[in-house]
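The feature transmembrane segment is assigned by TrEMBL to B:21-39, B:71-91, B:103-123, B:151-173, B:211-233, B:253-276, B:303-329, B:364-385, B:397-420, B:426-448, B:489-510, B:530-555.
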Amino acid sequence: MASFRISGLTKSYGSNVIVDDLDLEIEEGEFLVLLGPSGCGKTTTLRCLAGLETPERGRIEFKGDPVFDSSARVNVPAHKRRIGMVFQSYALWPNMTVRKNIAYPLKVRRMKEALAAGRVEEAAAMVHCEHLLDRYPSQLSGGQQQRIAVARGLAARPDLVLFDEPLSNLDARLRDQVRTEIHRLHESLGFGAVFVTHDQSEAFALGDKLAIMREGRIEQLGTPQDVFQRPATDYVAGFIGMANRLELRRTGAGWQTKGGVDVLVARDVPDAPALVARLWPDDVSLHRDSESVPTGAVAIKAELLAAEFGGRQYHVTVGANGEEFRLQADSATHGSWLRTATEGCPVLISFRAEALHVYSEGGERALASPGSAG
Amino acid sequence: MAMTRAVPRIGGDAKLWRTRALYAALVLGLGYLIVLPVWRLQSLAFDNGAAGYSAQFGRSDIGETLRTTTVLALSSLVIAMVLGTVLAFATSRLPRRVGFLRIVPVLPIVMPSVATVVGWAFLLSPGPGYLNALMRQLPWWDHLDTGPVNVYSSTWIIIITGFGLTSFVYLFVSAGMQNIGSEHLEAAQASGSSQIGVFFKVVLPLLRPSLVYGGGVALLLGLGQFTGPLLLGQNEGMKVLTTEMYRRTAESPVNYAAAAAAASPLVILGLVVILAQRLALGNQARFVTHGGKSFAPTGGRSYWAAFVVALYGLFALVLPLAGVVIVSLSPFWSENLSWDFLTLDNYQKLFDTPGVVESVTTSVVTSLAAVAVCVPVGLATATLVVRHRHLKLVRLLADVISALPLGIPAVIFGVGFLLTYTQPPFILYGTKWVIILVYIVLMIPFATRMQMTALISMGNTYDEASAVSGASPLTTSLRVTLPMLKPTVLSAVALMFILLTHEFAASLMVRSATTQVMGTLLYDQWSNGSYPLVAAMAILMSAVTAAGVAVAMIIGGRNVLDNL
């Protein structure tokens, strides 16, 4: 049975529905990531779990006990929910030292034994900040502040730890470091967690389970591997980075792009006048002439729009009859000519029809994914 | 990302009602103190078929009074807006070495307005004014017996009033300027603008909200201006609405109803301005500044800025203070200043005058008592307005009522309190209590606004972090919110103490022969013509204020005044 259960959660501001009849379960010790663009309701969902927002309808259970139930008029305030929370802006109290910040949840919950047993020092050591205990937050770097905030969130060993975009204010390198630390802490301590982010690489790296949200609802719920291999909708595919989108129209027995290129859809799809297909950038190859196009691949004539050096690869954008494709080109193979190539230079791109993720016309239903039966 | 509504709307019904009841009680209390006296005035003015209105507005010179009031307010507003904005820009460009000049534009607030006014009179009164006497030495004025400046003329009353309002405009504008990131200015300079160009093309447009807000407050202060017209305008029979109110209550035949009627235009305008500001400012979440890149003043190297600030300091502070000091050390006030006769006798005489020492105690005690009440009441009001958006009506009432004393001149509250507390149920006239009460009312806007600003810029996250750590709302207030507000509270205390020990307009109405404060005693001495004593009294007032500020600085650190 799930440790934490949200059912029928609805929250709106005026006529603007932020969370729309949402159901979600979090198992004991599970790391759940809420992923979505800003305004999709992920932070509001988290704040409803914390008790910082009051939903209109729905029920939230912690370990079988309701902490919120609109029909039974139950609303346990935030400070009685036994949670820990890490904020985007760190929210370390500037008037207290690091030690006092970390000790605060233990003190206000009257956990004298834990305090006496050195839990504060232990929590600081977990995030490698034991030497900072007597400093004030203003004397710390952003990365140190967020580590302390994590230590504070974990210090009281809460049942559930809530992370509200904790890495967004950090620069790229620190973000990776703190991410790895959070991952290792979860592995060793096994707390239940809900982590809100708009960054798919964070979501893939941290989550046991991902919930991709759109307009207050969950668009897909699954393991990172599931989501990566079989995005449930066109929206999810686009959000996790499958940047190439093809709108296909049926022409007799086959399919054609808007630009009029014939595309063979390898697998059976239901009888429909139109489809949407998605492709990962690294499933698309770049060619200077037709000789290197593998047999059986779909080839499209295109022109070069931009090529940006990215180390081992070039990030290439090409245009084909009004449609744009993004792809990765190996620097060793293509670097020599891409470096001097000018905009508008004619090229060829190719992809295997099996690599297409095919969705119904509106994008809501997955019809075929590579590796799936069919 | 999302707005907060931290208090349960369902489920916690009983708790919500308790919160609502507590805040409703707070608003009722504020309403009783602030609205009732003004209401009493109005009902009195409408008594007997609005006899008060006929008595006041039926006079032949009422047109002249209204015109003088308006001209005085608008002209001094123009002076204050221009000077205040220029000063705010200049202080932001001060060279690092003379950075201490930043404090100059707010210093005139520390000097009692009665002291400034009498200081200018000592310098520029047409006969014995020291500066006038000096100017008469100049070849093109050496034929004059009096003048060339007449400080009792309306032009000079306007100029002196404008100087006084400048500090207030400066406070608003410089606060607004802090919110303009230095990068905006640097971007404009990098794009090729000169410093003057940056000021007109970038700074002024970005400052518009602060200018509108500060201008509104300065206009109301100008319309309610009392000290200058009363002390200087008497000679030439200058009449404004506030001095009319005073004369109606102080000179026979006493006519409270007419005084109340004279207050009406000011009350109405004050209400209009406050409501307009509420509408214009809208959602306060826009003003959250924590978490972003904060304003970092880049020490400029503009010596013209230092010059401008120093020049203002000379005229707004040094000159009037010098006038007061010289008179206080002279046996009598005459144009022939003789350094040989300088004496401390006046101070000796001052302390021997019955009531002087008592007036100092009364001022300090009543001010401290009012401050002690205002801080917690202001915090509660600020919390209600900032953190309880769901209590719509109660919140709106608290917001407007707590702003009223800023929009309605202190004289009006003085008359209102005189009227309300000379009759049952609370007959407090002649006691310190009525002074404390009227002081509380006058300071509620400052206590509330300053703590409100601090709460807004703190944001909700610190409180939320405390709640999810397991702290109850009370624990959160005591351990997180209050400690974080400490610098603001100390600044508010310092400001309120300064303003109250200077208080004159409302005190003049509610004082009695036996219960005087420093400002009212000074006015009596001025009316008697004992000028050296007036000067010594003005110095004493300034000293008491300075002592208060020094104590605040010892407790709160040197930057107590920076937070104003």
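Sequential numbering from 1, following the chain as shown.
Cβ atoms here come from the backbone N, Cα and C positions, even for glycine.
The stretch in B:71-91, B:397-420, B:530-555 that contributes the largest number of Cβ pairs under 8 Å to the transmembrane segment (B:303-329) is B:530-555. Sequence-distant contacts of the transmembrane segment (B:21-39) (same chain, six or more residues past either end, CB-CB distance under 8 Å): 263, 267, 377, 380-381, 384, 388, 391, 394-395, 397-398, 401-402, 404-405, 408, 412-413, 416-417, 419-420, 437, 440-441, 444. Only sequence-distant pairs (6 or more apart) were considered; of these, at least three Cβ pairs between the transmembrane segment (B:253-276) and the transmembrane segment (B:397-420) are under 8 A, so the stretches are in contact. Here the transmembrane segment (B:103-123) does not lie next to the transmembrane segment (B:397-420) in space: the count of CB pairs under 8 Å, restricted to residues six or more apart, is fewer than 3. Counting same-chain residues at least six beyond the ends of the transmembrane segment (B:364-385), those with a Cβ under 8 angstroms from any Cβ of the stretch are 23, 26-27, 29-30, 391, 394-395, 398-399, 402, 432, 435-436, 439-440, 443-444, 446-452, 454-455, 485, 489, 492-493, 496-497, 500-501, 503, 517, 544, 548. Listed by sequence, the residues of this chain that lie at least six past the ends of the transmembrane segment (B:71-91) yet keep a Cβ under 8 A from its Cβ atoms are 101-102, 104-105, 154, 157-159, 161-170, 172-174, 176-177, 199, 203-204, 207, 211, 214-215, 218-219, 222-223, 225, 229, 240, 302, 304-306, 308-309, 312.
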